[in-house]
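Database features (TrEMBL):
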- B:12-29: transmembrane segment (TRANSMEM)
- B:34-54: transmembrane segment (TRANSMEM)
- B:60-82: transmembrane segment (TRANSMEM)
- B:94-113: transmembrane segment (TRANSMEM)
- B:141-165: transmembrane segment (TRANSMEM)
- B:186-206: transmembrane segment (TRANSMEM)
- B:226-247: transmembrane segment (TRANSMEM)
- B:259-279: transmembrane segment (TRANSMEM)
Amino acid sequence: MSSRIGRLRRAAILAVVGLGLGAGLSSAEEPPVQKQYIPLLTYRVGAYASSGIPIWAGIIDYFTYLNEAEGGINGVKLFWDECETEWGVEKGVECYERVKGGKDGSPVPILWPHSDPIGKALTEKAAADKIPLVTLNYGRTEAVDGRVFPYSFPVVLSFYSEASTAINFIAQKVGGKDKLKGLKIATVYHDSPYGKETQPALDLLAKTYGFENIQIPVAHPGNDQSAQWGRIRQLKPDWVFLRGWGVMTPVAVKTAAKTGFPVDHIIGGIWSSSEEDVRPAGAVGKGYLAITTYPAGADFPIHDKIRRFVIDTGKSNLQDKKSFGSVYYNSGIVDAIILTEAIRTAQGKFGHRAINGEEARWGLEHLDITDQRIDEIGATGLQPTLELSLSDHEGGGIARVIQWDGAKWSTVSDWIQADRDLLRPLILERAAAYAREKGITPRSDADSTN
Amino acid sequence: MDFFLETLVGGLLAGVMYALVAIGFVLIYKASGVFNFAQGSMVLCAALTFVTLRDKGLDFWSAGLVTLVVMVALGVAIERVVLRPLVNQPQITLFMATLGLSFVIEGVAQILMGASVHELDLGVVDVPVEVGPIQISQFDLVAAGVAGALVIGLSIFFSATRIGVSLRAIADDPQAALSIGIRLQTLWRIVWGVAGFVALVAGLLWGARQGVQFSLTFVVLKALPVLLIGGFTSIAGAIVGGLIVGAADSLAEIYIGPLLGGSVSTWFAYVLAVVFLLIRPAGLFGERAIERV
């Protein structure tokens, strides 16, 4: 009997120890995920492939540099895969559905739609799935109000700020904002929601500064603009603000030249500011100006690091090495810096592990890329400082102006600040209208700590 | 009035550029009754091949010659591999085959030659020429001259050569043409080869105008109303249709667009084409089908 009791006791002890070990083993089997998945929605084929290919190269090269030189972000290595959208909404949404669940145990921290229409189509889905959409220099302008759009981040330069920096650059050239009065400024725009996005901002700026605001649409794709530039010749504006996309920009530059409009009085918008936009225009593109937040050039310190750890070791994603340091390649680097710094910020609160969308949103809303941090990264002059908050998902609102010399871009202005205070009421009004339409209760500042 | 005249002339010259693409469609349709949706892709392929060869160091004429060989070979291969096996299939089957072909050509061309945007310099200085009170684009004048030469050359080819007469016979009545010994497949190969040449000319001019890039395929969208207005079987009709579309498009953009608060050029040419179709279903110069019932 006693031996039976003894056996039972030993069995009970073994069971308890076993359970304990089991529990211990169980927790040991699920360590924090130490690699971070970043899905890339790409357009390597189709009408806009020439723009996309260098962007992904910049992004992937920066990720590779971080993994190779710094061991990832605080020891969490990055891994990624691509889903081809051809810049189309249907494929973009399909890709989003495919990647939103994460991969190999890592959630999706942030998603780049890399297309204005895809970004707009995903706004509500991403908010429901708690995945932040980061749209560098594009996206819904009203999403600057993060109280209404918690998961949309049109970072650095919204379309309103783009228009404002262009006007402020003209003001610099003519000797001050008071000299804008009486000027004729024509906006030649891609006739699409993207192209029309700056119209309310330009209306307000025209009323404020007293310039004449002329709007001239160009139908997609814009491969014949003789009528539009004939009208420009008739109206004789002092400056043209060119908000193009794709083939529209080089055709505009060529048509301007053949109608006698001075090319150095055309200021391209942020999506008319790459080598691909102006190179096809040939010699007549010389003098063309454009707004950018990521100037061209391969002599920034970050390029030296990428050259050493990625290009020279044969690990670059860049097929055409001539694009190293191009505007689009550099935009990829800036995109990657913002994303990885947001993850780094989130890791500071949630731990050095893979970050999910909700945590990344916190990281984005507490992102503060200071001059010192930009210097550490090696991106001084390449990227402006960026401080985001719950109520400000744009951050910068500043840009530089570059000029095409026939072979390459040169930076011809310092960082120019948009009139954000003037434009903000317009943005809040649009955000409030969206909130009313969708029945959204805007977040309060107290939510920023959560 | 000067502005109206300048807009009109600019539009007419732009229309010639659309007509250049439309001629490629007409050639194929005239000889085989196939609406070749891949013509736009052939324009892209030609321009891309030319600039790639130039980038490799070939001089202008050598690059042009090699591209011509490539385009003729492509045309012949399309006829042999895609269309010949589909002989006697319904028209919609042939149309769908060329639709699929357009995606294949675009994809393969970009895989082989890259998706970068290229500048194409034909050595034509594009500065405005003052003609009285109006300005005319020098480049557009050259393009109009090339289009005119092409039309004259093709007209002579179709009317004064044995091959041309055979092609007209096939277009009129394929069965009768076959019964008198005309070799249909040989002639189809020739026509596809000529369409490749026309694609090269259009690709060079459009490429010089806007840069060589994927969007060259979009010029097809404007060639369609040109065909509807001019007729699918007439080269002269393609030119006249191009002039009508170009002029109407430019004038509508200036005088109707502002009234509607946006650009009208994506759809105005199609409205015009529908109006023409209602009045002349075969187009201005198209052959009306008369069938015994």
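Cβ coordinates are placed from backbone N, Cα and C, and glycine is handled just like the others.
Residues 222, 224-226, 228-229, 244-245, 248-249, 252-253 of the same chain sit 6 or more residues outside the transmembrane segment (B:259-279) yet have a Cβ under 8 Å from a Cβ within it. Across B:12-29, B:34-54, B:94-113, B:141-165, stretch B:34-54 shows the highest tally of CB pairs under 8 A with the transmembrane segment (B:186-206). Same-chain residues lying 6+ beyond the ends of the transmembrane segment (B:226-247) with a Cβ under 8 Å from its Cβ atoms: 8, 11-23, 25-27, 29-30, 35, 147, 151, 154-155, 158, 171, 269, 272-274, 276-277, 282-287.
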